[in-house]
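TrEMBL has this to say about the protein:
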- 1-332: domain 'IFT121/TULP4 N-terminal' (DOMAIN)
- 337-640: domain 'IFT121 second beta-propeller' (DOMAIN)
- 671-761: domain 'IFT80/172/WDR35 TPR' (DOMAIN)
- 994-1093: domain 'IFT121-like TPR repeats' (DOMAIN)
- 1111-1153: domain 'IFT121-like zinc finger' (DOMAIN)
- 67-98: repeat 'WD' (REPEAT)
Amino acid sequence: MFFYLSKKIAIPNNVKLKCVSWNKDQGFIACGGEDGLLKVLKLETQTDDAKLRGLAAPSNLSMNQTLEGHSGSVQVVTWNEQYQKLTTSDQNGLIIVWMLYKGSWYEEMINNRNKSVVRSMSWNADGQKICIVYEDGAVIVGSVDGNRIWGKDLKGIQLCHVAWSADSKVLLFGMANGEIHIYDNQGNFIMKMKLNCLVNVTGAISIAGIHWYHGTEGYVEPDCPCLAICFDNGRCQIMRHENDQNPVLIDTGMYAVSIQWNHIGSVLAVAGSQKIVTQDKDVNTVQFYTPFGEHLGTLKVPGKQMSALSWEGGGLKIALAVDSFIYFANIRPDYKWGYCSNTVVYAYTRPDRPEYCVIFWDTKNNEKYVKYVKSLISITTCGDFCILATKADENHPQEENEMGTFGATFVLVLCNSIGTPLDPKYIDIVPLFVAMTKTHVIAASKEAFYTWQYRVAKKLTALEINQITRSRREGRERIYHVDDTPSGSVDGVLDYSKAIQGTRDPICAITASDKTLIVGRESGTIQRYSLPNVGLIQKYSLNCRAYQLSLNCNSSRLAVIDISGILTFFDLDARVTDSTGQQVIGELLKLERKDVWDMKWAKDNPDLFAMMEKTRMYVFRNLDPENPEHPNKDYIINFEIRSLRDSRALIEKVGIEDASQFIEDNPHPRLWRLLAEAALQKLDLHTAEQAFVRCKDYQGIKFVKRLGNLQTESMKQAEVAAYFGRFEEAERMYLDMDRRDLAIGLRLKLGDWFRVLQLLKTGSGDADDSLLEQAHNAIGDYFADRQKWLNAVQYYVQGRNQERLAECYYMLEDYEGLENLASSLPENHKLLPEIAQMFVRVGMCEQAVTAFLKCNQPKDAVDACVHLNQWNKAVELAKNHSMKEIGPLLARYASHLLEKNKTLDAIELYRKANYFYDAAKLMFKIADEEAKKRTKPLRVKKLYVLSALLIEQYHEQMKNAQRGKVKGKSSEATSALAGLLEEEVLSTTSRFTDNAWRGAEAYHFFILAQRQLYEGYVDTALKTALHLRDYEDIIPAVEIYSLLALCACASRAFGTCSKAFIKLESLETLSAEQKQQYEDLALEIFTKHTPKDNRKSELDSLLEGGEGKLPTCVATGSPITEYQFWMCSVCKHCVLAQEISNYNFCPLCHSSVG
C-alpha cells in the first residue's frame, strides 16, 4: 500500500480546524473549527481528457459553502449519508441539522440543551436513528425526522464517545476516564468492556476514537475484526464484536487523536503525532493497519497539530485536518489482481456474501467468469495461469496422504484463465509473499519458503495422473528455512517443522524468474537462489528494507521498491571493487526514483521497464525515461534536417542540375533519393538513373530502364504516377489512352478486385471470361475471409467456384443449396465426397448417401449410415451393392451395446436393420428377466407382446424373401411354404418362434382374471384362471393356483378350489411354514363347504385337457363354441363375434381391429 500527499486547502483567516468528515456517498467534505467555522467543500475532477480518470485527474473545488449558525468552536460533524443530512454541534451545546436544497446547505433543525457540551454524535447503519452524548452524562436517541425516541442521564459519568453496532442493537459509550460501557439500544447497561490493550498502562488516559465498521461493503473475510478502539497513548484494540475476549492488539507508538476505517473495513487509519528522538519536536503522522494489526505504512504530514482525519468514499483519498489546512493524501491500495492470458483477474468484497468475489475478465472477447473464494490472501499470475492463496476451510479436513501433514491451514490453488481450479496444494506456512514462474510457485512466510514445481495436465492418461499424485514425495514440493544454505544438489524435503523455527531477520519480499529466486530480508540482505534446484548462490546487502522486488527477463537486474516508495536498481552480476579494495559481486546502480508504488519489467527486453510514480507512468529504457504520454499518431512529428530542406528548396526553385551539384557536395542516400524522385517527375531519366545508382536502389534502376523502353510520353507519365502511388491518376491516364488492359493490370497488381470487376464490366467489347471469373472468385474470397457468407455466395456462383460455394452453403447452414449443388455436379466429381461428409456432420443421412453413391463410394455411404445409426438403410445398401461386412458390423455394434447393458438400444438396432429374429431373442430375454423380477404384470405383458410382434415380422420377412426367390415359379402358397421350411431349418435351435405368443397370453389371462374378479364377474374370472394352468413355465405355479383358488372360492366352485389347494400344498418351492398356512386355510374353507363344484357341467370342457381344445376368446377368457368369431390378423387370436364390437384394438396384441 502506498500513500502520498497530493493537495492542500487553506482555511481563510488561519482559523484552526477541530474536525473533518467526508460524506462517503455524495463526496461532500464538512470541516468545523474555531469561532463557529463550518464549511462544506466538494472536490470534483474536471477534465476534458477522458484518459485522465481516478486519482490521475486534477481535482478542483466544485463546492465551497460556509454554513452560518454556530458561534462557538464546532467540535463534532457527522453525516447521515442515507438521508443527505449533516449534523453539527459546537462548544456551547448547540446542535444543527443541515439539509441540501437546490445545491446548497440550509438549516433544517436546531436543538440546544444549554446545560452541557455535545461530545459525540453517531447515526446508526441505516440512518434512521442518531445517538447524541453530552459531557455531563446525558444521552439522547432521536429519529431522522427530529423526534426524540428516548433520553437518559448517566449520573456521575463524563461521556466523550458513542458508537452503534452494525445491527443497531448495541451502543458503546466511551467515558472521559477511558472506560467503555456497553448498553442495549434502549439505554440499559449491559457490561463494561474488557480493554486488553491497556494492560500494564499507568496514568490518566483518554479515548482517541471508536469506529465500528458496519459491513456496508462486505468484510475482507468471515468473522473479520471491525470494531476499532484507540487511546491517546497510541494503544489500540480491534475486536470482532463487543464481547471479543481475544482482540487484535496494536501499540502505534504515537500520540493518537483520531481513527477511522476505510469504506470496506480493510484499512484502519490512526492519526496523531510522534516524537522524534533526534529532533526535539513532534511530527504529525498517520499510521495504516489491516484489521489483523499488520502495519501497512506511515504517512508524515507537515504542520503543528493534526486534529482529525476522514476517508473518501472510494478509499482512494484521505482528508487530514492540520492547523488551518486540509491536506489530502492519495492512497494506492494493494489490490488483489493479476493478468494472465488476455485475462484480468481481480477480487473485491460484496456486502451480500462472506467470500471474495474473484472476476476473471477476458479482455479480448469481453467475457467474465465469477468465482467466490473464502479468505483470499493474494492473487499471483504468470503465463496462462494464476495462483489464488487462501486460508484452508476448517469445515473440510484434508486427508493425510494428500496433505503430507495434518491440519494444513493454507491453500495455493492453481487456476486457468477462466477460473477453473487445476491443482490445489495445502501448505502449513502463511503465504505472505507468493511468486510464480512458468514452472514454479514459491510461497514464503517470514521464516521459510515453500517451492512447488507445478504441472498442468493437458492430455494426461489415467496412469500419468496417478504418477503425478504419487510424485509429491519425490521432491516436487520442498520447504527451506531462510537461514539454511541449500546446495541445490540434494532434494529438499517437505518438512513443515522448518517453518516453525524462528529467525532474527524475517523475509520481507520475494521474486522469481525461470532460473533465479530472490529472497529479501528486513535487514536489507538479499539472498539469491538457483532454480529449479534450489541452491544458495549469493548474498547481497542493501541499505534499505525491500517492500517489492522484481527481476528483469534475463535475471541480471533486480528492481527494489522500499517501504518508503524509493525505487533503486541492483546489478546482480556486476563485479566491483569495494572501499576495502576487495572484489565483490553486485552493484547498486545510480538511478533512484521517489514516490514509486509499482514497477514492471518488459518480458522481452532486459533494459525496458515501466514504473508508476504518483499518478504518472514512466517507461524507462536502459535507465533513461521516455515520454510518459499515451502513444497516439497525433504525437508523432517528423522533423526534416537542414540539408534535406535545402535540397528540396533547390529542386523546387532552381532546377535539377544545380540541386544535383549541391547533393554531390553534400552526399547522403536520402538526398540522392530526393533527386531521383524529382528527376522521375520531370522524366529526366538519365539523372534519375544516376541518382538511383548513388543511393543503391536496384528496383529504382530497373524501373528507369523499363521507362526508357516505353514509346509514348503519356505512357511514361502514367507509369511514374503509379510508381509514386498515385494510382487513381495513373488509371485515369491509361483509360484516356484507351488502354483498359493496363488499367486492369494495375488494379490486379494492387489486388483491388472490386475495381477490376468494375473496369471489366464498364469497358466496351467482351471482357475476358477467365479474368471475370477470377475477379468474382477473388471478391468471393474477400467476403468469405470476413465471414460474410451470403455476399460470398453471390460472387462464387458467378465465378462458378463450386468448392468455395459448398463451404459457404455449409457455413450458412443452407443445406438445400448444398443439396442442389451436389445434384448439379457430374458423377464422380472430386467435390462430392466432401459434400457428403458435410451432410454426415450435420446428420443428413439421405443426402449424404445420395452424394456418396453419385461418386461411386457405396462403402462410405454404408459407413455414414452406420455412423448416423440408420442401420436399415445400411443393410439395404449393403445388400444392393453385395457387401458382406454388414452382418459382422451389426453384430459387433450390438455386442458393444450389450456390454454397456444397453439391451433396448441393441434391439432397436436389430429392428432397424430388419434383423427381427435377433431383436426378438433379446426382447424375450428382457421380458423373462422382468417376469422374474415380479414387476408390474402389465409391463411384462407389453414386453412379451413386443417380442411376439418381432417374431411375426420375422415370419413375414422369411415369406417375402422366399417369394422373391421363386418368382415365376408355382403358386404363392408354394413360395410361402418354402419360406416357412427355410425358417424351420433356421430356427431349430430356438422353439420360441412356434409359440411366440405364449408369454403374452399367460400375462394377458393373468391380468384379465384379476380384472374380472375385482369387477365381480366371478364365473368368467374362474374360466379365465383355469387357462393359466397351461402356463406354469411362465408364471410361478404358486401365483396361478392361488389366483385359481381365490376365483373358485369366489364363484363357489369348491371342487376346483380343492384341487388348487392340493396343488399348492404339493409345491416344492414353498417352505414348510407356507405349506402349513395353506393347509390351515384349506381346513378352514372345507370344514364349512364340501369340496364339490355346483355347476360341474359348465366347467367340464375347461377342466378336460387334451388336443381337442376349443379356441379361447382373448376378450372374455371363455371357450369359443360358435362357428362365427373374429380372428386378429397379427397375432391370430380369436374373440367372440358379439364381443369384438366393443373393441377398436385387439385385446392381446393391440393391433387395430379395422
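Even glycines carry a Cβ here, placed using N, Cα and C.
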Paired segments the domain 'IFT121-like TPR repeats' (994-1093) and the domain 'IFT121-like zinc finger' (1111-1153) in contact, 3+ CB pairs under 8 A: yes
Long-range Cβ neighbours of the domain 'IFT121-like zinc finger' (1111-1153) (under 8 Å; 6 or more residues past either end): 945, 948-949, 952, 997, 1000-1001, 1004-1005, 1008-1009, 1012, 1020-1021, 1023-1024, 1027, 1101-1102
Helix, strand and coil residues within the domain 'IFT121-like zinc finger' (1111-1153) as assigned by DSSP: 4 helix, 11 strand, 28 coil
Average pLDDT across the domain 'IFT121/TULP4 N-terminal' (1-332), rounded to a whole number: 88
DSSP helix/strand/coil residue counts for the domain 'IFT80/172/WDR35 TPR' (671-761): 74 helix, 0 strand, 17 coil
Secondary structure content, the repeat 'WD' (67-98) (per DSSP, counts of residues): 0 helix, 18 strand, 14 coil
